[in-house]
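Notes follow once the structure below has been shown.
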Protein chains: 2
Amino acid sequence: MDSDRSGVLTEVSVQEPKANPRGKAVAGAAPPPVVISTKATTTSNPKGGWRRGFAIFDLVLRLCGIAVALAATAIMGTTQQTLPFFTQFFQFQAQYNDLPTFTFFVIANAIASGYLVLSLPFSIICIVRPHLRGLRILLIILDTLMIGLAMAAAASAATIADLAQNGNSNANWAPICQQFDDFCQSITEAVQSSFAVAVIFILLVVFSSLALRRN
Amino acid sequence: MDSDRSGVLTEVSVQEPKANPRGKAVAGAAPPPVVISTKATTTSNPKGGWRRGFAIFDLVLRLCGIAVALAATAIMGTTQQTLPFFTQFFQFQAQYNDLPTFTFFVIANAIASGYLVLSLPFSIICIVRPHLRGLRILLIILDTLMIGLAMAAAASAATIADLAQNGNSNANWAPICQQFDDFCQSITEAVQSSFAVAVIFILLVVFSSLALRRN
């Protein structure tokens, strides 16, 4: 009997009482009564409500995640800046694929966007059937992998963005943002968006875990 | 009634049958029998076994994680290299706090080590009482946060390690590993250890989620 769905657990037991323990027939006595007991236990089921609430929040988070991840991908993928002067040796043009970290950033955020889009139907199924535990666990596992991917992309790009901004005198790496200010502005926005994507994935795992509490 | 713990669900109901529906006293009849029904439902409980297995695996993973995170912290924190020559302007000495990324790396891995040590008692409780769902969810949430921290540390340090190894001609950042080869060897090992820590945290979340399957 699935107590999750009904909310009211009704148990009906029909019992034939055993014969008179004395083993004697009683003249004129009515046949032993059949005892029908109906035990209605009202298990209050407010849990389905919050579980569906979590599922709706999950869907909203995924929609936000898609928007933010696409924004991060687009900002990083389209930014480029060419300085209005050049020398014999340098072209003074900056775009994302000048640095392998930013290429990884674009690929990782594109994967995150695609995954979030593909996960939408499963999130909707979790709203319709909030007690599907296996599907939610599958989403937790995939979201966990995506935390790793999104955080790796955001952190590595943030490292390069910081280096481009401030440089490092110990390693003799000069900052480049004094020249490529627009480029640096764009990659900073993309990095912030990517951190937001990672946080969204963390929230997805946290709320999905909370939705797995005991009924 | 907690069917998880006992494995055998025993329901005892004592029912007083109602009076004779004809409403007449029967001379010489025995008093209406009290019906005592004992319903023993044997719910097979093989799941406690795999759940405890997951909990033991969780503990082993945490012990491995402590070792690897401490190794990453120690390798990165203790590595330094001083070149046997110097000029008027440069000292040619490299250690982890020359780069803020590596300082973050050491702090993050130290936090991961400390968290793993502190989480050991909870993991042991999960072995002793494998059905404690709330504690496991708490561990999932904290492990998820740690994935973010460990992955951010590993990815940012890997970015700098790659830059130290290969440089970047577009940004005019020269590689430094040709001089500081021992230093670069150490930070590569530390970065690999830190990625292993992140993977261990991911495995912890995955297996804890699987342990939350329905009974």
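Yeah, the Cβs are placed from backbone N, Cα and C, and that goes for glycine too.
Residues annotated as region 'Disordered' in TrEMBL: B:1-28.
Mapped onto DSSP helix, strand and coil, the domain 'Casparian strip membrane protein' (B:52-199) counts 112 helix, 8 strand, 28 coil. The domain 'Casparian strip membrane protein' annotation in TrEMBL covers B:52-199.
Look at TrEMBL and you will find B:59-79 (among others) tagged as transmembrane segment.
Per TrEMBL, the feature transmembrane segment maps to B:99-125 (among others).
Annotation source TrEMBL lists transmembrane segment at B:137-161 (among others).
Annotated transmembrane segment per TrEMBL: B:195-212 (among others), in sequence order.
Cβ atoms under 8 Å from those of the transmembrane segment (B:99-125) belong to residues 55, 58-59, 62-63, 65-66, 69-70, 72-73, 76-77, 132, 135, 138-139, 142-143, 146, 149-150, 152-154, 156-157, 159-160, 187, 190-191, 193-194, 197, 201 of the same chain, restricted to positions at least 6 beyond its ends. Within the same chain, residues 58, 69, 76, 99, 101-102, 104-105, 108-109, 111-112, 115, 119, 122-123, 126, 184, 187-188, 190-191, 194-195, 197-198, 201-202, 204-205, 208-209, 212 sit at least 6 positions outside the transmembrane segment (B:137-161) and bring their C-beta atoms closer than 8 Å to a C-beta of that stretch.
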